[in-house]
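In Swiss-Prot this protein carries:
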REGION    1-91  region 'Disordered'
COMPBIAS  12-23  compositional bias 'Basic and acidic residues'
COMPBIAS  42-54  compositional bias 'Basic residues'
COMPBIAS  55-69  compositional bias 'Basic and acidic residues'
COMPBIAS  76-85  compositional bias 'Basic and acidic residues'
REGION    136-177  region 'Disordered'
COMPBIAS  150-164  compositional bias 'Basic residues'
TRANSMEM  221-241  transmembrane segment
CARBOHYD  351  N-linked glycosylation site
CARBOHYD  390  N-linked glycosylation site
TRANSMEM  476-496  transmembrane segment
CARBOHYD  582  N-linked glycosylation site
CARBOHYD  608  N-linked glycosylation site
CARBOHYD  885  N-linked glycosylation site
CARBOHYD  1014  N-linked glycosylation site
TRANSMEM  1039-1059  transmembrane segment
TRANSMEM  1073-1093  transmembrane segment
TRANSMEM  1097-1117  transmembrane segment
């Protein structure tokens, strides 16, 4: 077994040696941090949970009091980070802290700090004692080095059993008291404030008598309020932001498009259709100047009728000596230009004639000016920049005003004097269409610019306000942002499909080439019928033995690390599996003269398999649990594990490690099938599909866990009875199998559960449609949760949920890998697997999790294991799930394309970064342990204590936890893996295919998607807090998860906004182009993906069906799910006979831990052998059971 070194454990001599080579500041920091894990410290406590965090807190306080530098949370090396319970690897560190450590391959002594050792210079006698303690009495370097317990610790262990019950009761009372005085959290306070209008007595009247129900309802309203606020913000950003910052733009009329009902004065248009002019020379009383006079003024510019004089132009424009323009005592002029109108297009020539009298039509009187200023303008006249470049006019811009420099020609040189710069501007053709604001910034030039704006302004330039510009910027940034996400997801999905996915899959299987059209057609035909068996397997691919030609040049030196596996320069990388690291004599060998076909033996070719008793030499390796030297005293050579009592006579022999039928080393795989209430036909086809996979049956075994004694609706037999009929050649007759206890994932008395273990080989049935020559002999183990005797008369005895079934296997694998105390059930599981496979359980590296209603394509298992072996960083993966009942109803039709897009776009995109956020529980694979460093070093992944502990959480007291653990446990397992191992990968393997049946009734679909959507929201809330995922800032998986979370909660609002935009674009003008283009890209790119990846045009039709059903997917289902946030039932997904609506979280009574026996495997096995020798009839443990302790002492 791979046993990592204890972190944080350093010998005193190593500390003293390193101290002379390092600065004092660094030495002081390290001594402080290392003292946290020093077992000789007076603060050392047997409960590791409180030891680390509390002791480090005391150290920080002491250093602060002494005036030292307080330890900061930032810029701390990972190995010095604080190991508090919130750390992702906290439990793993606690488990490995006091584990036995093997002699490293470097030749140096392990750094083990013995308890009670004085920090003094060693003597030869002490060195010899230390060596004996480390390497054993006989100096066997292959034996593990265990800590020798002190007398004080031995006394504590002896007395711990007597006070365990009393301590447990006291701890329970203390926790209950703490819960009563626990201050409310910020979230609880917010939910209480937001639901102040619904006091508890009102909620009791509406069917919420329990406090937990009312609390869940308040949390639901709190979440809905946040969703509404996010939706309101998105709506404001979409529709209200522009109206707020830009405001309602004033009415503006474009030059040369102003009708005859208007006149223009100083760049503004006035509607004079209903106006009348008083009597004047040449103008009758009550006359409309637009139509009633001989000269029609409609559409003309009358700025010279009401000239702005004596303003900024005073001093610049003056009266000549012989001028007829009247002035006052201040020298103010009455007018500058002749009082005539001109065409708005600037085509009028200067007119200096005078009608009736001097100053006629100049409106210099106060009453005339007052009447003009009282008029309300209809809008500004605006010019575009293209209009200012018109060659027929000489237009320029100053401070947003359009100046017609041709109007300077209307000056009468005999009447007024004006600056020569006016003439220079008039005669300069280079300033046409130029903004002159910069040139008229200071001094006299600035006054000239203002003067020109008052006398020759003909309009304004077409510009937006700052608010409008800001709204446009926000619009385009949002557009670019959304388009970037959509296009990048599309491009990366294609990148994964074309270039990355083929690297993971096996190059060739029994079904032919991976990318062959024939295989794709076989998959489509196979997936159209749920009960259709897989295609007939072709002849096995010829085995491949890797070339081991030695290199002439050396590949290592004295400086090479012994932990590094050399690849020999540019040679093919050496993939590592458990079998490839162990000698072939340690496994069940094939008979002499056998061919690779023996590793796929069928039931026709049963015969005696020779078993070598010497294959499990304890001193040969340190990889396997049962081969460890610790068991040499328990299992003597005369009764080796290979005896008839341990290994089934029909066990499938193990091939040599270098046999590679598919181009990669074979890894041992468990195929976990969880059953609840499925019928015989469904379970039969599922197990047939797994047993018939082309992966060698020497490296796969089927583990079926039945979740209680359940009878499906309309079934004749219960599910366990159906499954037991599918096993042959059991090691123990089914009627003689006993039930054993284990700790279930439940509360109250249900935490104690019992199960039976059956081990044998898969039976294809008497009337199987599978040809006999194709029936492989596959090891099989069945675990039936039958419940305690107290629940024998209950409706569903033993039922604890799917998560409990998964934890049975996960906890078993953890205890096997860490050699922890196990329950009686786990001991029977260990022996059962060993009986039917001939290999110890810790040889298994991966586990395939399949639902009982899911059928696997024959070469899917091969492709999945290929990805695991080729990339040790992959810790989880999933394949594509196809729908078998596509055309059963309109409900199934709308799901076809949704399944396709979720795999080939969403999961393919996430696979590029190795962060698939959801590995579906119906068809996924997890890595049990991964190779780390050099030879025979492995680290737990799925068997990691942090994964098992958090996934087996039984205190589910908040809405968030209930949605994670009761509704979406499969997705939460993926979340836990990413949260604990953010640097490892979870990917999608499109070559691995399965099929399943989806809901064909809308109410069932509604119930299923309610669970999935709520689970998605809460799992994304967990993942968005993981900071160590791939990438940084906007280019990171964390940001992608945040966008996905926001996109999920605003789905109802988004589809509502989309429908509004489409309808408004049809019935209103102008058409909103940008939102429509964006909508077309979002909905159209998946269609391109279909054509590129699916190679079947029929999926385009499925896409159209999906688009029609978008209101259901994006509005009906999410809205229903959000309103049902506090509903934790499974609804109508699967019914059983006589089922009552009661969840797995309901628990009554008290948990009695004394009913569960927990011991290490070697202790169980020693007692068993003692009973066999003495003929005793005692319990399995051989003596009264040991109380269950959740935190064992090492």
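Using N, Cα and C of the backbone, Cβ positions are placed for all residues, glycine too.
What you see is a predicted model, and the numbers here were worked out from it, not measured in a lab.
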Length of the line joining the Cα atoms of residue 885 (N-linked glycosylation site) and residue 1014 (N-linked glycosylation site), in Å: 25
Positions on the same chain near the transmembrane segment (221-241), where near means CB under 8 A and six or more residues out: 187, 190-191, 194-195, 198, 471, 474, 478, 959, 1046, 1049-1050, 1052-1054, 1057, 1122-1123, 1125
Folded-back contacts onto the transmembrane segment (1073-1093), same chain, C-beta under 8 angstroms, at least six residues removed: 475, 479, 482-483, 486-487, 490, 493-494, 497, 897, 900-901, 904-905, 1058, 1061-1062, 1065, 1099-1100, 1103, 1107
In three-state DSSP terms, the structure that residue 1014 (N-linked glycosylation site) belongs to: helix
Densest Cβ neighbourhood among 351, 885, 1014 (glycosylation sites), 10 Å radius: 1014
Integer Cα-Cα distance in angstrom, residue 390 (N-linked glycosylation site) to residue 1014 (N-linked glycosylation site): 63
Distance from residue 351 (N-linked glycosylation site) back to residue 1014 (N-linked glycosylation site), taken between C-alpha atoms, in Å: 80
CB contacts for residue 390 (N-linked glycosylation site) [other CB atoms within 10 A, all chains]: 16
